[in-house]
Amino acid sequence: MNILGFESSCDETGVAVVAFEGQEAPRLLGQALHSQVQMHEAYGGVVPELASRDHVRRALPLAEAALAEAGLGVHDIDLVAFTRGPGLAGALLVGAGVACGLAAALCRPTLGVHHLEGHLLSPFLSADPPEFPFVALLVSGGHTQLMRVDGVGHYELLGETIDDAAGEAFDKSAKLLGLGYPGGPALARLATQGNGLAFELPRPLLHQPNLDFSFAGLKTAVMTTLNRLGPDVNDAQRADLAASTQAAIVEVLVRKSMRAIRQTGLRRLVVAGGVGANAALRHELGQACTRMGVKVHYPELHLCTDNGAMIAMAAAMRCQAGLAVLSNEHRFGVKPRWDLAEAGVA
Ligand code: ATP
Ligand code: MG
Ligand code: FE
């Protein structure tokens, strides 16, 4: 079975081909990705209308590139998958429209995929895939959640952020430090030159017994610190502040993940979403997991942020689990707001 997957929930257009036979592990045959980051940079954030228009321009050429890499023609595709939500409504509609139009022309079914299920299952495309059950730490630009995952479609929310997501905390702090958009990777780079103990920044909810997060106070603390340092702030201080911000985010993520491991008694942790690419987080989680005898799994670095491969993969795993509700109608709707728990065993 060959699946063509489209991702267009935000500012990346991604298309990929994933194939599987029976219950064998699905394989990524080809993929193509275009990031709109440069286009949105001038505005300091994603401009939804520009995002939609760019998805229109990119989707089909990227599909051709992904198919070419896979060595397949469009008629070899058996199922067309797309991100149904959550995300920007206009951007989602473009991906859904292209996917359903293509499927209609080919007389093939479609499957709408939950974007976070894509992130969550992306580590199954790595050389060392996890086994169920596991605790998942989902850390992206829009979400920060801890989940218990017992199988495809079996997702139990254990805790989540009550305000900003971890990626948002990286991006907003980076903006205050003058690092552009999206600032997560830039802040991480600057942090390598600084001392994470230099500034004492808040670790909200760290000592609460629950598995919830709060990152909104962090950007305020970064702003207050920058105001205190004044206009003469030097490069070393900025690097120290970047390192201290990263240390605060990473410590909370690691401590809460380990708490989830203790509470569930599970011995596997899966990290997914853009912030999963962060080297400091990977280092600290690695150490904590080794101490607790826990195996930790990540997507490959290039599959941490949004991509088409994770959408095609989630579709493949849903098919294999007998949970794919395929549509031959080619009418489509999107869900800009959509809880993953609701998208479970539907
Ligand atoms: P969601 O998946 O919740 O809808 P999203 O799709 O925008 O949100 P992702 O593409 O998964 O999020 O991740 C993007 C986020 O990851 C951004 O906030 C970005 O700054 C952050 N990020 C990417 N790489 C790194 C890194 N190395 N260190 C820290 N943050 C990073
Ligand atoms: Mg993005
Ligand atoms: Fe995402």
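Glycine is treated like the rest: Cβ placed from N, Cα and C.
Database features (TrEMBL):
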- His115, His119, Asp306: Fe cation binding site (BINDING)
- Leu138, Val139, Ser140, Gly141, Gly142, Asp171, Gly184, Asn278: substrate binding site (BINDING)
- 28-312: domain 'Gcp-like' (DOMAIN)
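Feature map: TrEMBL annotations on the structure.
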residue: His115; record: Fe cation binding site; contacts (Cβ under 8 Å, 6+ apart): Glu7, Ser9, Thr83, Gly85, Pro86, Gly87, Asp306, Ile311
residue: His119; record: Fe cation binding site; contacts (Cβ under 8 Å, 6+ apart): Leu138, Ser140, Ala272, Gly273, Pro299, Met310
residue: Val139; record: substrate binding site; contacts (Cβ under 8 Å, 6+ apart): Ala165, Ala166, Gly167, Leu253, Val271, Ala272, Gly273, Gly274, Val275, Gly276, Leu281
residue: Gly141; record: substrate binding site; contacts (Cβ under 8 Å, 6+ apart): Cys10, Ala165, Gly167, Glu168, Asp171, Pro182, Gly184, Gly273, Gly274
residue: Gly142; record: substrate binding site; contacts (Cβ under 8 Å, 6+ apart): Cys10, Pro86, Ala165, Gly167, Glu168
residue: Asn278; record: substrate binding site; contacts (Cβ under 8 Å, 6+ apart): Phe170, Gly184, Ala188, Gln246, Val250
Checklist outcome for this item: Once DSSP output is merged into helix, strand and coil, Asp306 (Fe cation binding site) belongs to coil
Checklist outcome for this item: Same-chain neighbours of the Fe cation site, Cβ within 8 Å of the mean position of the Cβ atoms of His115, His119, Asp306 and not counting those residues, run in sequence order as Glu7, Ser9, Thr83, Leu116, Gly118, Ser140, Gly273, Asn307, Met310, Ile311
Checklist outcome for this item: Near ligand 3 by the Cβ criterion (under 6 Å), the binding-site residues from Leu138, Val139, Ser140, Asn278, Asp306 are Ser140, Asp306
Item to check | Cβ atoms near Asp306 (Fe cation binding site) (within 10 Å, other residues, all chains) | outcome: 27
Next on the checklist: Less than 6 Å between Cβ and the nearest atom of ligand 1 is the rule; apply it to the binding-site residues Leu138, Gly141, Asn278.
Outcome noted: Gly141, Asn278
Next on the checklist: Quick test of your reading of the structure: among the binding-site residues Ser140, Gly184, Asn278, whose CB sits under 6 A from ligand 2?
Outcome noted: none
Checklist outcome for this item: Other C-beta atoms within 10 angstroms of the C-beta of Asp171 (substrate binding site) total 25
